[in-house]
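Participant: Quick one: this structure, given as structure tokens, is what I'll be asking you about.
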Amino acid sequence: MSASQADPVPETKKSGSVLDERSKFMLGRVLTYGILVLAVVLIVFPMYWMISISLKLPREIYRTPSLWPQVFTLENYRILIADKGFLRPILNSLLVSTVVTVISVLISSFAAYSMVRFRYRFKGVIGRIILFAYLTPTSLLFIPLSILMARLQLGNSLHGLILVYLTFSLPLSTWLLQGYFRGVPRELEEQGMIDGLSRLGALLRIVLPLSAPGIAAVSIFTFTGAWNELLLALVLVTSETERTAPLALNYLITSDVLPWGPLMAGAVISSVPLMVLYFIAQHFMVQGLTAGSVKG
Amino acid sequence: MSEVQETQPQRPGMTWLNAHRRIQIFAYILVTPVVLLILGLVAYPFLFAIYVAFTDRVIGSVGNWIGFANFQYLFQTATFSSAIWNTITIVVVTDVFKLLIGLGLALLVNQNIPGRGLLRSLLILPWAMPAFVAFLTWRVLYQPIGGGLNLILTQTGIYPHVIDWLGQRQTAMPSVILASIWRGFPFWFISILAALQSIPKDLYEAARVDGANAWERFWMVTFPGIKQVVIITTLLSSIWTANAFEHVWLLTQGGPSDATMVFPVLAYFGMQTQRIGEAAAVSVAMLPVLAILVIVATSLMQKDED
């Protein structure tokens with residue numbers, strides 16, 4: 001770690017024993033890569049295990065476990081989708097996450113724009129409420145929310161789920177979008193308004209397009225948040241047809257027989273699209289990630 | 001206050017006050033939907049949870065105000081004490097490890113080394129993985145029969161016997177903690193890495209010219225540069241870890257015999273027994289500590305914004 005800030009170029013320029021500096025530098029490199037490769041192996045192994053179990057026959061999972069599948073099979077995926085009906089939960093998850101993302105990003109961008117561009121009474125208070133809401137954990141809200149949803153006749157429905165997911169997605173997207181909008185120069189908007197755009201026009205035609213990378217990042221974070229949610233779904237959804245993907249997998253492990261193969265097939269189906277998305281979009285996602293902005 | 005100075009060419013007859021007011025109304029209209037939804041979906045349920053915690057509400061009956069009786073009862077139960085200690089243990093141990101691993105890896109990747117982009121992408125993979133998938137996968141890894149961890153330990157000869165990692169009191173908690181660190185450290189890594197990259201390179205050069213060694217450079221340049229991020233990340237991570245549900249629920253459901261019981265899982269079980277007042281009291285019990293963390297975090301984050 002000590003060599004971490006050493007820039008190799010000034011290092012060699014320095015006076016003193018060149019060979020000594022050089023071998024020290026090489027040793028630092030070997031150690032650096034050694035540790036990083038070890039870390040990558042520890043990170044990748046569980047993912048490898050998830051994929052390999054999903055491709056194994058039951059006898060290879062339980063009786064003669066091995067690191068590499070002897071026979072590759074898609075049987076687990078067939079069981080999961082045909083027998084356990086996993087397509088429905090995946091579609092439910094897609095629907096809920098998409099609707100939550102569209103609603104949140106739309107109305108949060110209005111709120112964030114308002115708070116970044118204008119000065120008015122209560123702005124400080126509103127900002128604080130949004131931050132408090134962002135940090136209020138679901139574990140504190142799931143009991144009252146379930147009572148509230150029952151009262152609104154929205155329990156056990158995807159509509160209800162969409163509504164309660166706004167509890168975490170709205171504060172998150174408003175908070176993040178404020179950061180992005182602050183980066184859009186006010187002069188561009190003023191120029192647009194001189195050219196005849198209204199305030200709303202300036203927001204829709206200038207601010208939003210210029211914040212496109214930010215909006216994409218916020219959309220991915222919001223979508224992920226809804227896609228991953230388990231506790232509220234567990235409390236609110238009772239019927240099998242309304243289950244989301246995490247909920248369906250949760251019920252796979254609470255049954256008596258633990259079907260590891262189909263379970264890991266479900267894990268692969270639920271995670272690979274998101275991980276590919278992160279991999280592609282990581283540049284602007286990491287860019288927009290200010291300290292502690294997104295739930296880890 | 002430049003919005004006040006704006007001219008509106010289309011409406012020459014408008015007075016200054018009217019233009020100003022119009023803009024204010026527009027600003028309020030834009031912010032209203034989010035404010036209303038947050039008041040209805042977060043603020044109201046939050047206050048309602050506190051109220052319910054002081055009642056003997058059950059499913060089917062609204063119940064009566066019973067003061068601190070729920071809390072008095074809870075503090076006498078062994079399960080609740082376990083939840084307190086387990087929550088504290090998980091928060092402290094995972095945060096310390098996530099900090100050390102995240103900081104260490106961020107310092108390594110922040111070097112000017114070939115392949116750093118790819119390494120960074122690989123190191124944040126657990127963060128991109130849904131939490132429920134991560135913990136289901138670890139559940140399979142920990143299995144005595146067919147679990148990857150036992151397979152590696154027995155085949156490499158590190159430990160010859162199969163261990164039921166999640167089924168024994170001594171190993172259940174470390175297993176939950178290990179899985180939580182695996183899933184949680186990339187967030188620290190990426191936050192600290194971003195902070196490291198914003199430290200000007202000249203500062204290191206200046207420190208080097210002054211004769212500071214690597215250790216001194218870390219404390220004089222690196223540490224002040226990342227201090228704020230580390231503090232905020234610690235606060236946020238503590239709030240989230242203390243309130244996380246998936247890790248324990250999907251790995252052990254709080255077992256064996258409450259060895260890994262934490263507040264959110266206990267509250268969920270409470271709700272399943274239909275004693276809503278008591279369940280609410282479980283989640284409200286940690287509110288005083290939580291409130292302090294949240295208030296400190298929000299003031300730091302708002303300061304950070306300016």
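Using N, Cα and C of the backbone, Cβ positions are placed for all residues, glycine too.
Heads up, TrEMBL stuff is auto-annotated, nobody curated it.
Keep in mind that what you see is a predicted model, and the values were worked out from it rather than measured.
Feature list, courtesy of TrEMBL:
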- B:84-297: domain 'ABC transmembrane type-1' (DOMAIN)
- B:25-54: transmembrane segment (TRANSMEM)
- B:83-109: transmembrane segment (TRANSMEM)
- B:121-141: transmembrane segment (TRANSMEM)
- B:176-196: transmembrane segment (TRANSMEM)
- B:217-242: transmembrane segment (TRANSMEM)
- B:248-269: transmembrane segment (TRANSMEM)
- B:281-301: transmembrane segment (TRANSMEM)
Participant: If I count Cβ-Cβ pairs under 8 A between the transmembrane segment (B:83-109) and each of B:25-54, B:176-196, B:217-242, B:248-269, which range comes out on top?
Facilitator: B:176-196
Participant: Do any residues of this chain, six or more beyond the ends of the transmembrane segment (B:217-242), have a C-beta under 8 angstroms from a C-beta of it, and if so which?
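Facilitator: Those are 87, 90-91, 94-95, 98-99, 103, 107, 180, 184, 187-188, 191-192, 194-196, 198-199, 203-204, 207-208, 262-263, 286, 289-290, 293-294, 296-297, 300-301, 304, in sequence order.
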Participant: To the transmembrane segment (B:25-54), which of B:121-141, B:248-269, B:281-301 is linked by the most Cβ pairs under 8 Å?
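Facilitator: By the under-8 Å Cβ criterion, the transmembrane segment (B:25-54) pairs most with B:281-301.
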Participant: With a Cβ cut-off under 8 Å, give me the same-chain residues at least six positions beyond the ends of the transmembrane segment (B:248-269) that come close to it.
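Facilitator: Distal contacts: 78-80, 82-83, 86-87, 90, 132, 135-136, 138-139, 142, 166-169, 172-173, 175-176, 179, 242, 279-280, 282-283, 285-286.
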